[in-house]
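Everything on this sheet refers to the single structure shown next.
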Amino acid sequence: MKILVLNAGSSSQKSCLYEITDQPPHQPPQPLWEAQIDWTYQPGVAEIKVETHQSQQIKTLPFQERLPVIETLLSTLWSGDSPVISSAAEVDAVGHRVVHGGQHYHDSVRITPEVTAEIDRLSVLAPVHNPVNLEGIRAIETILGEQVPQVAVFDTAFHAQMPDQAAIYPIPYELSQQGIRRYGFHGTSHRYCAERTAEILEQPLSSLRIVTCHLGNGGSLAAIRNGRSVATTMGFTPLDGLMMGTRAGSIDPSILIYLIREAGYSADKLDQILNQASGLLGVSGVSNDMRQIDKAIAEGNPRARLAKAIYMHDLKAFIGAMVAVLGGLEALVFTAGVGENAPQVRAEACEAFGYMGLKLDLDQNNARPRDQVISTEDSTVKVLVVHTQEDWAIARDCWQVLQG
Ligand code: AMP
C-alpha cells in the first residue's frame, strides 16, 4: 500500500510517500519520496524541495492560492525527471496531521464529511493550524479524487483520555463544559517516542512510567503510564507549559489583565507578543534558535544567558511535576530539535534528578546519540534520545485505520 503523508503547518508543508507491504514495523523505512513547501520563502513566492532516492530538486513558484502549488508538488510523484510512481492512481491512501481534534477523537479516524465539519468547527481553538490542515484534505480530494481514503491523525488524540484532574482547569465548571480545558499537543510525537522507548528497552510499554520531553521550537512534556498520557504541559492551546522558542509558556494570567487595563493592549497584540515575541527570543533579544542562544552566551551576552537559565529552570520544574504525577520514573526521553541535538540541555536537566539515582553517561550523551540509552548501567532511571518520526507514525496509523 502506498501512503502519502501530508504534515501541513502554517509556514511549511512536509509530505512523504511510504510503501507499506505488511504489518508496519515501528522504525520507519526510507520514504520513496519526500517533499516540502516553504510558504514564507518570499511574499507571494513558495519554494518547493523534492527528494527521492535518485534526485533532489528545488524550485520556486509564484502563489496566490495554495492548491496549484500543492498540485505542482504532488505531480513530481508521477511526472518530471524522476517519478516514483506511474500515475496518481497508485496512491492508495493519504494520512494528514491535524492539530486539533477536540475532546472526542481519542484515535486517528477515516475522514468523512462529518470529520471535516468537526475539524472546521475546531478551527476556533487552533486558528493557525486547523484551517491549513483542512485545505490539505480538500486539495487531496481535488487532485487525487474523493475515492482515495484519507485519515486524520490528531495531535491532541494521545492526550484525550487524560484524567479529569489533569485536563480540567480550576475555573468555573460551566466554562470547562464549553470546551475550555487542557487538550495537550505533540501527541503523535509523545506516543511514538514512548512506543520506541519500550522497543529499545525491550520491555512492555505497560510496565514503564515515562516522561517524554519534546523540545523543539515548540516544546511540551508528557507523563505516560500504561502507554497513556496522564499529564502534559501544553494546554487549551500550544502556548501553555514550557518556555519555547518564541512562545512564553505558562505565565501568571494577571499579566494579561494588567496589560489590557493599564496599557490598553488588544487581544491581537497579546496574541502576537505571547506566541511570536516571547520565549528564548523575547528574553534574549537574539533568536528563538538554541544554537544562536548558545553562540551569544559564548560571546558573553547576559540576556542570552538569562534566557537559557529560564529555559532550564522551566524544564527541570516541569519534569519534576511530571515525575510527581507518575509517582516514580523508569524512563526519561529527549526528542525533537533541542532534545535530540543539545547534549548540554540534557545533561543539566538530568543533573537535577541525580538525587533519585539518575545517572547520565556523559560520553554517550556527547556522542550524537540517536534512538539509544544514554544513562549509565547502574542509573535508576533510563535516559534515552529518540529521533521523533511523526510522519512515519501518521503513515502507520493510516494503514491501521484502513485495515479496520
Ligand atoms: P524542531 O522544532 O524540532 O524542528 O526543532 C527546531 C529547534 O531545534 C531549533 O530552533 C533549534 O533551537 C534546535 N536545534 C536544532 N539543532 C540544534 C543543535 N545542534 N543544538 C541546539 N539546538 C538545536
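For all residues, glycine too, the Cβ spot is worked out from N, Cα and C.
Copied over from TrEMBL, here are the features:
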- N7, E390: Mg(2+) binding site (BINDING)
- K14, H214, L215, G216, N217, G218, D289, M290, R291, G337, V338, G339, E340, N341: ATP binding site (BINDING)
- R97: substrate binding site (BINDING)
- D155: active site, proton donor/acceptor (ACT_SITE)
- H186: site 'Transition state stabilizer' (SITE)
- R247: site 'Transition state stabilizer' (SITE)
Cβ under 6 Å from ligand 1: qualifying recorded positions of K14, D155, R291, E340: R291
Neighbour tally for L215 (ATP binding site), based on other Cβ positions within 10 Å of its Cβ: 26
Residues satisfying Cβ distance under 8 Å from N217 (ATP binding site), sequence separation of at least 6: M244, G245, T246, N288, D289, G337
Candidates N7, D155, R247 (recorded positions) - the one closest to V338 (ATP binding site) by CA: R247
Close in space, distant in sequence - H186 (site 'Transition state stabilizer'), Cβ under 8 Å, 6 or more apart: D155, H214, G218, S220, A222, M234
Cα-to-Cα gap, E390 (Mg(2+) binding site) vs L215 (ATP binding site), nearest whole Å: 14
Largest separation between Cα atoms (Å) of residues that the record links to ATP, namely K14, H214, L215, G216, N217, G218, D289, M290, R291, G337, V338, G339, E340, N341: 23
Minimum Cα separation from N7 (Mg(2+) binding site), reported as the residue among recorded positions R97, R247, R291 that achieves it: R97
Cβ neighbour count within 10 Å of N7 (Mg(2+) binding site): 20
Three-state secondary structure, E340 (ATP binding site) (per DSSP): helix
